[in-house]
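Annotated features, as they stand in Swiss-Prot:
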BINDING   Thr25, Glu44, Gln52, Tyr57, Val97, Phe132, Asp298, Ser339  FAD binding site
Amino acid sequence: MKENGDSVSGQDELCDLTIIGGGPTGIFAAFQCGMNNISCRIIESMPELGGQLTALYPEKHIYDVAAFPEVQASELVESLWGQAKRYDPEVVLDEQVRQYKKLDDGSFEVETLSGRTFASRALLVAAGLGAFSPRKLPQLGDISELEGHTVLYSVQNMKELEGKKVLIVGGGDSALDWAMMLLPHAEHITVAHRSPDFRAHGKTKDDLFAAAEKGLVDVHLNTEVIAIDHDGPALRHAYLRSKSGKETSLEAEYMLVLIGFKSDLGPLAEWGLELCENAMVVDSQMKTEVDGLYAAGDIAYYPGKLKIIQTGLSDATMAVRHCLNYIHPGEKIKQQFSSIKMAKEKNK
């Protein structure tokens, strides 16, 4: 398999586990398959592995993954793939799974929107939030001319914001994280949020307000963007209005609209599985109500679930570990310790 996998072609042979989704959870599940000596296949709807980390914020810095005090999203994907690729998992890109079928012998067959079929002994859904699209600002009307140019819903290249006047719209972790990351690079940062308080982590809020006190960033709470001026795809000004009626005009060369995404499970929602909070309900073994069909990461629901990368990695480990009992019924499953397994592999 080639790095960031080239799509395979033709009808594929039966493998032990098909993993639907090639984000962090899916990639780590592939590593866990290798650790447990079972074959796997990742089917990813995007042209690259990495899920949201690759598609939405490859340059964002992440701080809450164990052993990484700070890591860029794209680098985390590379590290995860570096772990998994030693076991040569099959990777199928640009294919969205449409439906599954459980066969009489207990194995599974999935079919993609293009009509390709893949067979495996068990199935793991690690498709994140499903298909996602950014939430926009409907009050601005049709701004498609600016989208992807000076109105952005994710940051693909931080260098284009170097020395620019940037307006960030939003109040969650993503909005405030980008505000803090861009402070050393942008000419000026303005953050506008329609609510009276931010929804981000406490420390991030404290850091932003501290920067505001130093005059490094302007913060507007209870405020919405009501209009913009532009020259073709070039943004010139933005106009803000607070809930008290105060209006503010500011120069802005870029506007980052970071107010979240609308998720859609797409065909997965039609599988007839129990759903809660737009996710598949699983038990303590990450199994759905269908024996042999597991879910992990953001698409898996259980009481107390946290939708963060770290939890997804744990989910993947649990799902693969317990699917062994389905793939190899009646066999005693031994606990694999990575240090021992890697030492044996190096001595081969």
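In case you wondered, yes, glycine gets a Cβ from its N, Cα and C as well.
Annotated features, which come from Swiss-Prot, shown on the structure.
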{"residue": "Thr25", "record": "FAD binding site", "DSSP class": "helix"}
{"residue": "Glu44", "record": "FAD binding site", "DSSP class": "coil"}
{"residue": "Gln52", "record": "FAD binding site", "DSSP class": "helix"}
{"residue": "Tyr57", "record": "FAD binding site", "DSSP class": "coil"}
{"residue": "Val97", "record": "FAD binding site", "DSSP class": "strand"}
{"residue": "Phe132", "record": "FAD binding site", "DSSP class": "strand"}
{"residue": "Asp298", "record": "FAD binding site", "DSSP class": "helix"}
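In this structure, Gln52 is the one among the binding-site residues Thr25, Gln52 with the smallest number of other Cβ atoms inside 10 Å of its Cβ. Within the same chain, residues at least 6 positions away in sequence whose Cβ sits under 8 Å from that of Tyr57 (FAD binding site) are Ala73, Ser154, Val155, Ser174.
Counting Cβ atoms from all protein chains shown, Val97 (FAD binding site) has 25 others lying within 10 Å of its own Cβ. Cβ neighbour count for Asp298 (FAD binding site): 27 (other Cβ atoms within 10 Å of its Cβ, all protein chains included).
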